[in-house]
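Going by TrEMBL, these are the annotated features:
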TRANSMEM  9-29  transmembrane segment
DOMAIN    96-340  domain 'GOST seven transmembrane'
TRANSMEM  99-119  transmembrane segment
TRANSMEM  131-154  transmembrane segment
TRANSMEM  166-192  transmembrane segment
TRANSMEM  204-222  transmembrane segment
TRANSMEM  234-256  transmembrane segment
TRANSMEM  284-306  transmembrane segment
TRANSMEM  312-331  transmembrane segment
Amino acid sequence: MLPGKIKKGAVVVVFFFFFFFFFFFFPILSRNDSKSPNFSLSQFNMTMGSLTEGLYTLNFHYCRPRTEVLNTYALSVSTEIVERNPGGYLSASEIPLPRLYICMAAVFFVAAVIWVYTLMKHRYSVFKIHWLMAALAFTKSISLVFHSINFHFINTEGHPIEGWAVMYYITHLLKGALLFITLALIGTGWAFVKYILSDKEKKIFMIVIPLQVLANVAYIIIESTEEGTSEYRLWKEILFLVDLICCGAILFPVVWSIRHLQEASTTDGKAAMNLEKLKLFRHYYVMIVCYIYFTRIIAIFLKVIVPFQWQWGYEFLVEVSTLVFFVLTGFKFRPASNNPYLQLPQDEEDMEMDEV
């Protein structure tokens, strides 16, 4: 029985020796002597033809050794990756973006000019918030211009030009802040229904504005960070969470106003009139919800399911939906004498005069 045990023990020892050698020592011994054309430590070149086009990702994984012997092995990697398509450095899903952004910038600029012309034509019915809406439209147009220029240089040079990128980030920050401030002010009925904000509504602005700054900082970090880094995933989750909080926060003043007016409408005739005013804004609130739902959920879902060549359609849908939302909002709150939003009587005496 002893020779048999010795043979079995020898087999086990030999097996573990080969296992340990091939999985631990062999990679160390061969790391600097690899001359295989499939894996080169100095250069890796891959060319895709028209039949092999697709969305490719290059991942590098480094697992730290667990044994004390291998802990002395230090890995130092310096890489320079050049990814290029026949038309430039942009990926297939980003090639149409410079033209898309510059075209949408022109459309937003035309819409802003038409809006300013409408304000000048009905200057006696214009409120301050109307000019804020004009500033938002112009800022959106300028932001898209800088975005298009930034993508153009990425496509031609392979990297963004710092000056144009900074200008885009600044205008993007201003556009985001103006957008949520304008939506919140219109939602509270400021200038259309009342001229004073409650303490709760002021706190909403104190929350939304810093969160918008944080969201834009996260966006800038995402744009300037490689996708494979740990910071990229963290800031992407922060951006998504903060953006949803801002979208939900702008709806709170509406709920508070309606709830307060519903409680006071049974005893106060003016409160009942104010409730009637807020009912006129109801479909505008539905517009906000639809806009948020479409740009934050549906568009992202479409980006996931479409082929990589058509992923630029996500940006197209977002910009078109934003344009439609701006146009509908301007139409609903246009400074015209026949606008039902601006014809609301302010007290009971005005109601009696209308009846007469």
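Backbone N, Cα and C atoms are what each Cβ position is placed from, and that goes for glycine too.
Long-range neighbours of the transmembrane segment (131-154) within the same chain, counting only residues 6 or more positions beyond its ends whose Cβ lies under 8 Å from a Cβ of the stretch, are 89-90, 94, 97-102, 104-106, 108-109, 111-112, 115-116, 119, 160-161, 164-165, 167-168, 171-172, 174-175, 178-179, 181-182, 185, 319, 322, 326, 329-330, 333.
Per-stretch counts of Cβ pairs under 8 Å to the transmembrane segment (234-256) identify 166-192 as the leading one among 166-192, 284-306, 312-331. Listed by sequence, the residues of this chain that lie at least six past the ends of the transmembrane segment (284-306) yet keep a Cβ under 8 A from its Cβ atoms are 183, 186-187, 243-244, 247, 250-251, 254, 313-314, 317-318, 321-322, 325, 328-329, 332. Outside the transmembrane segment (166-192), and at least 6 residues removed from its termini, the chain residues within Cβ reach (under 8 Å) are 127-129, 132-133, 135-136, 139-140, 142-143, 146-147, 149-150, 201, 204-205, 208-209, 212-213, 215-216, 219-220, 223, 246, 249-251, 253-254, 257, 277-278, 281, 284-285, 288, 329, 333, 341-342.
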